[in-house]
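Trainee: Quick one: this structure, given as structure tokens, is what I'll be asking you about.
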Ligand SMILES: [Zn+2]
């Protein structure tokens, strides 16, 4: 069988057409979840799929998906997808690339009159960006992972999520009905920009993602005694900031030593006046890794270090690492090799819809480089060649899985 190729020009034009929606107001792309521009974007994707013969529906969460039947009986669909909502003043490729590339795969199969054995499903997930309280709202609804009371959470503009949904004609109380059963998809693949600079720096154009890192966040409070900075001698001070600062270096050191990422992201000095010895420091730090054991080890060491330095640490949140399916990773690696495409493995440091979908289906992701590692900003950029190369691997991976999976 001649391998169907991606029509790169068409892929780039589709991305441009989508990005004309939400080009205003403000710089960058503005298709914030459930806004008129976002709904119009997902309507456009639905229209493309309908033209390609897919049966298209929007579910209770606003996820737009299309299914094209396969040639074999009784197989669950192979799914491709991502999201087309953006952060305010977002970039042109985050999510959009993955959806447009999925459509490009469908266009290519259609142009070559190639039918998969499995049904092909393309999903444009709703509200992936963390603009509706937490992120991944559409994919969490679809995989049955909505938390209670999510409708009352504040959206990015302070209005409750329920109100944003109502504005798009959706009822937050009905979202759970979007749920699908485990095993209802044969596999899920998602192409995305890296949103970091590792591929850009290393010059490798494609990464297969072996998993999405787990994240643990902690708060530490250091307490001292606020006092007059002019009249309190150096040997009579209890300075909270002097206790806290070495801990910042502990976090950095443990990250380097154990080979994970560790960051102090907030740091407040109180009362915060130049003539007062700091009486209290509140900081938060997080650690991320694909390896749960490493997270345990780093968490334990840093909690111990915080106490040793006189702080009171407490955990704030923890999400477990999500491993990609080894079978899907191996199919994607084989796809790269068949295409002669240089690639490497790279875990994702950010959350994606694939993380939710892993609860109901085997899944894996592909990354292409982000120039300078910049995303969630108008400057977000990958070259046209990188976008097309990513779509080519996505298509080859899809065909590989169609042959390998039952
Ligand atoms: Zn994204």
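Yeah, the Cβs are placed from backbone N, Cα and C, and that goes for glycine too.
No curator has checked TrEMBL annotations; they are predicted automatically.
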Trainee: May I ask you to find which of 59, 73, 94, 171 TrEMBL records for the Zn(2+) 2 site already listed with 129, 376?
Mentor: 94
Trainee: Per TrEMBL, which of 164, 192, 228 sits in the Zn(2+) 1 site along with 83, 94?
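Mentor: Within the candidate list, TrEMBL flags 192.
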Trainee: Determine the binding-site residues, out of 94, 129, 217, 288, lying near ligand 1 in the sense that the CB is under 6 Å from one of its atoms, and give them in sequence order.
Mentor: 94
Trainee: What does DSSP call residue 288 (allantoate binding site) in the simple three-state scheme?
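Mentor: The residue in question, residue 288 (allantoate binding site), is strand (DSSP, three-state).
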Trainee: Just give me the nearest neighbour of residue 94 (Zn(2+) 1 binding site) among the binding-site residues 217, 275, 288, 376, Cα to Cα.
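Mentor: Checking each of 217, 275, 288, 376 against residue 94 (Zn(2+) 1 binding site), the shortest Cα distance is to 376.
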Trainee: Over the domain 'Peptidase M20 dimerisation' (213-307), what does the predicted model average in pLDDT?
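Mentor: Value for the domain 'Peptidase M20 dimerisation' (213-307), mean pLDDT as a whole number: 97.
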Trainee: Please count the residues of the domain 'Peptidase M20 dimerisation' (213-307) that DSSP assigns to helix (H, G, I), strand (E, B) and coil.
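Mentor: Counting residues by DSSP class gives 38 helix, 34 strand, 23 coil.
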Trainee: Please list residues from the chain of residue 288 (allantoate binding site) whose Cβ is under 8 angstroms from its Cβ, counting only those at least six apart in sequence.
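Mentor: When sequence neighbours closer than 6 are ignored, residue 288 (allantoate binding site) has 213, 214, 215, 216, 260, 261, 262, 349 within Cβ distance under 8 Å.
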Trainee: Counting all other Cβ atoms within 10 Å across every protein chain shown, which of the binding-site residues 83, 217, 376 scores highest?
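Mentor: The residue with the most neighbouring Cβ atoms within 10 Å is 83.
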